[in-house]
Amino acid sequence: MQFELDNTDGKARRGRLKFDRGIVETPAFMPVGTYGTVKGMTPEELDETGAHICLGNTFHLMLRPGTEIIKQHGDLHDFMHWQKPILTDSGGFQVFSLGDLRKITEEGVTFRSPINGEKILLTPEKSMQVQRDLGSDIVMIFDECTPHPATESEARQSMELSLRWAKRSKAEHGDNPSALFGIIQGGMYEGLRDVSLKGLEDIGFDGYAIGGLSVGEPKEDMIRILDHTTDKIPAHKPRYLMGVGKPEDLVEGVRRGVDMFDCVMPTRNARNGHLFVTSGIVKIRNAAHKTDTSPLDDKCDCYTCKNYSRSYLHHLDKCNEILGARLNTIHNLRYYQRVMQGLRDAIAEQKLDEFVADFYAQKDMPVPAL
């Protein structure tokens, strides 16, 4: 992987990630394909939304179908028929999500499979091996996602364990040609974030992710840690904000110098009838849309907006038709990609402030201070 920076506007950056499998323009939003599919989308439809990289989930794919079956097809790209880049997370966050069902030791995390109850040990080495088998273009280190809330002592202990696991991840990654990203932890404590980043830089990674945010903390805490941390990541390396978020969060992340984002929000919300539009959010199952023959968003160029009315989408939602979830997903993913394209163009033209002002004005929201 090569990372090139083309333009900056304030702290915001425009560039590209170059892989053997293609180029990803940054800032980039990466749709989440947990089980080797972005829910409801064919790879061709995903490509048409403007996505050029997606996520796979190490934890879930390791449990089902398992890497042996995936390797029989070649790798995850061949298995899911997506020949563009794939980033895989390490499984750390999913294990964190298991709560009391898991036990953390120096060696790794022991948990019971949510599928069959089998006892499984996931270590940094195992995570790297699984991600190598998946053929990931960007591999994430295995870390412990610090829970929120955590005392400074708890956050330090968690962060230090993650640093030791980062060393083991790097050693196991070895000669794998895929990019390897470190993950900055440290909870809501700026000093711990600094120690984490310094430790990761000493080990050396191809990119750096900001982890442990969007885990239930107040928005102002997320912004505070983002403000503190993003600038300190080496400028020549890509910066990835994990698991974030709403369209406004993407805009605020880009304003602070973030290059990459992922989140289940556009796809999950689509399946629940919550649709992102230029003016805000449309809840398509509301009765107000029953007779509305206008498109979902007249500024959107997606397949859904070009061909269907709000009334039809409301009807599909009321009938629980699968097509409704699919059309909603196409729209939400395209909306996110249009926001990212708008940000990239604005940075290139040195018009980011104008873009941001317009973005918030159309939603009737004030522009947050930087």
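From the backbone N, Cα and C atoms, a Cβ is placed for every residue, glycine too.
Long-range Cβ contacts of Asp89 (active site, proton acceptor) within its own chain (separation 6+, distance under 8 Å): Leu55, Asn57, Thr58, Phe59, Met140, Met242. Residues or ranges marked as active site, proton acceptor in Swiss-Prot (evidence: sequence analysis): Asp89.
Sequence-distant contacts of Phe93 (substrate binding site), defined as residues of its own chain at least six apart whose C-beta falls under 8 angstroms from its C-beta, comprise Cys145, Gly211, Met242, Gly243. The annotation substrate binding site is assigned in Swiss-Prot to Asp89, Ser90, Gly91, Gly92, Phe93, Asp143, Gln185, Gly212 on the grounds of sequence analysis.
What Swiss-Prot records for 243-249 (among others) is region 'RNA binding', and it gives sequence analysis as the kind of evidence. Long-range contacts of the region 'RNA binding' (243-249) within the same chain: residues 93, 213-215, 222, 261-263, 265, 276, 335-336, 339, 360, 363, 365, 368, each at least 6 residues beyond the stretch ends and with a Cβ under 8 Å from a Cβ of the stretch.
Secondary structure at Asp262 (active site, nucleophile), taken from DSSP and collapsed to helix, strand or coil, is strand. Counting every protein chain shown, the Cβ of Asp262 (active site, nucleophile) has 22 other Cβ atoms within 10 Å. Marked as active site, nucleophile by Swiss-Prot on the basis of sequence analysis: Asp262.
Through the fold, the region 'RNA binding' (267-271) approaches residues 31-32, 38-40, 325, 328-329, 331-333 of its own chain, all at least 6 residues removed from its boundaries and within a Cβ separation under 8 Å. Residues or ranges marked as region 'RNA binding' by Swiss-Prot on the basis of sequence analysis: 267-271 (among others).
Residues within less than 8 Å, Cβ to Cβ, of His331 (Zn(2+) binding site) and separated from it by at least 6 positions along the same chain comprise Ala270, Leu275, Phe276, Leu296, Asp297, Cys300, Cys302, Thr304, Cys305. Under the heading Zn(2+) binding site, Swiss-Prot lists Cys300, Cys302, Cys305, His331, citing sequence analysis as support.
In sequence order, Asp143, Glu144, Cys145, Thr146, Ala155, Ser158, Met159, Ser162, Leu192, Arg193, Ser196, Gly211, Gly212 make up the list of same-chain residues 6 or more apart from Gln185 (substrate binding site) whose Cβ falls under 8 Å from its Cβ. Around Ser90 (substrate binding site), the same-chain residues six or more apart in sequence whose CB sits under 8 Å from its CB are Thr58, Pro124, Ser127, Gln131, Val139, Met140, Ile141, Phe142, Asp143, Ser169, Ile183, listed in sequence order. When secondary structure is read from DSSP and collapsed to three states, Asp143 (substrate binding site) falls in the coil class.
Here the binding-site residues are Cys300, Cys302, Cys305, and the one whose Cβ sees the fewest other Cβ atoms within 10 Å is Cys300.
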